[in-house]
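Down below is the structure, laid out as structure tokens.
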């Protein structure tokens, strides 16, 4: 289905710096386990990776929340660790424990891995299928993990709140760790570029572990590589917005916004929207930042939280979203209530 011009696609227009009232809405992890149609499909297909690498299944999952809720944006169903899988690490998902990568890069280098770039091809197939089926007014978002966050998994093999293993490697072997970051900048730029060529309208960089770094390290391992990525994507694809989501960055958000060149900044639920409005560059699009637990809880508490966010960004382009991914136990009715509240 042919996409409409940006001015008739609310989300794309706002990501390009326009303000719309009401703001466009999409939710991180909007395609997933809280939806009964997702659970039914997963029962027929096996594990998460089997779904992610099945272009037909992944396209269907991407489209499910659009059909049910009419979100203004569809986000590709995939995972941030697809890139290290293509770079030669083994990727598996352990029930109740999250993703695991091996061999780890604690004492190894990228030269020890054997890349398998063909692993990325089904992702581009998913993009093409979604693009063909997506409603014309809906913006299509691609995504990747940011280099720092992906590197934490490549080094330690799994996520952890403090990322101690990866931070130790960065302190002890900064040149070796820089090589990992540089390789991820290259791989991520190519990956997102091919998503754009296949049909996405904008892309988001998920930096889930950005909050684990001290200011100087944040500058080197989050801001600098993100800025490189954004420059490359803007040069290759003028007019395609890039959203940066440095979860946990807190007081480092203004520097991130100024120095990376992203077109929009995602706010996690710990950020005071009024503070963000006062301290982020004027006119920069912001995205967020409802607490996912407020959505789970519902009721008047949800209404109050939604209203506070809607009133926090006078005159600023705003995309309504969560502060992190939607939770498994989120009732469908609460998502419907959220949309009704935002859209009036």
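The backbone N, Cα and C atoms fix where each Cβ goes, and this holds for glycine too.
According to DSSP, residue 153 (substrate binding site) sits within a helical segment. Residues or ranges marked as substrate binding site by Swiss-Prot: 29, 30, 31, 32, 33, 79, 153, 208, 324.
In the three-state DSSP classification, residue 79 (site 'Transition state stabilizer') falls within coil. Close to residue 79 (site 'Transition state stabilizer') in the fold, though at least 6 residues off in sequence, lie 48, 52, 99, each with a CB less than 8 Å from its CB. According to Swiss-Prot, the feature site 'Transition state stabilizer' maps to 79.
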Cβ neighbour count within 10 Å of residue 33 (substrate binding site): 15
